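So the structure is just underneath, and the comments pick up after that.
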Amino acid sequence: MTEVEEPEQPTTINEEYDLWVSNVPMMYDFVSETRLTWPSLTVQWLPTEMQPREVDGQQLLRQELLIGTLTTDNEPNYLKIAAIDLPENVTSSKPSVSDDAKENELSHRQSKIKIVRKFKHEQEVTRARYMPQSPNIIATLNGAGIVYIFDRNIKEKDHGAIASFSYHKENGYGLAFNPTVSGQLLSASDDGTVALWDVTSTANKSPSQTFDVHTDIVNDCKWHEFQSSLFGTVSEDNTLIIHDTNSDRAIQKLSVSSAFNTLAFSKRSENLLAAAGTDSNVYLYDLRRLQKPLHSMAGHEDSVTSLEFSPHQDGLLTSSGSDRRIIMWDLFNIGAEQQPDDAYDGVPELFMMHGGHRSPVNEFSHNSNVPWLMCSVEEENVLQIWKPANKIVRPPQPPADFDITTLE
């Protein structure tokens, strides 16, 4: 009798994680994993002085980041500032040590984070962002759509928010400080509204402007990196809208077949915009011709949850997803020729895939001080800090004749 081959069983999440752990010495210069008491829906590196200090004969550099809590009804919530002490060789651009040496040193690199400050917070922290012009000022958004402002300069223990702003009627996940105008803060809500606040005037509790152009949940809002009055929003009403604070009307509107969850404006090219959402693809757009994407990138297997352009490397875009993956995309490799074996691993612009999470990724952040240093949080209480190995990360360099607008 002919033997019937049993179908190959799919790899379990824990088996995938074990495989990732086995590859850490080859793929990373640093990995730290911390199980938090409560999940954090948000994470962002804080700008920190690059001044190493000696601890037990080792030069360490402290970096700090923002996280929040999502607790049960009976437990208090907090905005937290976490810190991690990194070895000097992790924060420099020196060549990676050999794989054998890294395997021996890896246990010493598993630095755990420490909570160095926490602020009482009403309800869960859905988003937390620092003000670029004054990083001690931190804004949060909670489960009721209320915006809170905190000041790190106030040192009293158990100090709470210095101001709160109420306009939204529901939960929200969109929160963004204007990178070019101090004190301007956008918030977006599940009630379909977007509000603009002046956080330098805490006596005024009303928004400076409101934008009611969406007909469903607003998933995200982001400022343009160069033009101070422009920002974008994406919504469950299947639209991406470009707004101008000088007008109450949308200046551009794109309708799509499936909703975008997130968007990001390029920090280097003023016309480049990325957006992604429920169909798992990442789309690139030219603001001058918004109605048709320049290019779409496939790599995620579930909804994309967040997007961010690198503050250091031109052409590097990062995305996270409900598929437990974080992908770094090298836009300069779009259209590059591939060998058949390489094509099996993904499209040519898929630069690196971080597979260390075991549940959907809520958010991630690029460190503004240390190139390639990342932090990310997942649904199951885990915070990871990681840096790809120097031997595999090379600043993406565009060909001399490369033009992002020719990708149509």
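Placed from the backbone N, Cα and C atoms, the Cβ positions cover glycine too.
Annotated features in Swiss-Prot:
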{"type": "REPEAT", "residues": "120-160", "note": "repeat 'WD 1'"}
{"type": "REPEAT", "residues": "167-207", "note": "repeat 'WD 2'"}
{"type": "REPEAT", "residues": "213-253", "note": "repeat 'WD 3'"}
{"type": "REPEAT", "residues": "255-295", "note": "repeat 'WD 4'"}
{"type": "SITE", "residues": "LEU272", "note": "site 'Important for interaction with HAT1'"}
{"type": "REPEAT", "residues": "299-339", "note": "repeat 'WD 5'"}
{"type": "REGION", "residues": "341-345", "note": "region 'Interaction with the histone H4 N-terminus'"}
{"type": "REPEAT", "residues": "356-396", "note": "repeat 'WD 6'"}
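Computed over the repeat 'WD 1' (120-160), the whole-number mean pLDDT of the model equals 94. Secondary structure of the repeat 'WD 6' (356-396) per DSSP (helix as H, G, I; strand as E, B; remaining residues coil): 0 helix, 18 strand, 23 coil. Here the repeat 'WD 3' (213-253) has, by DSSP, the following mix of helix, strand and coil residues: 0 helix, 22 strand, 19 coil.
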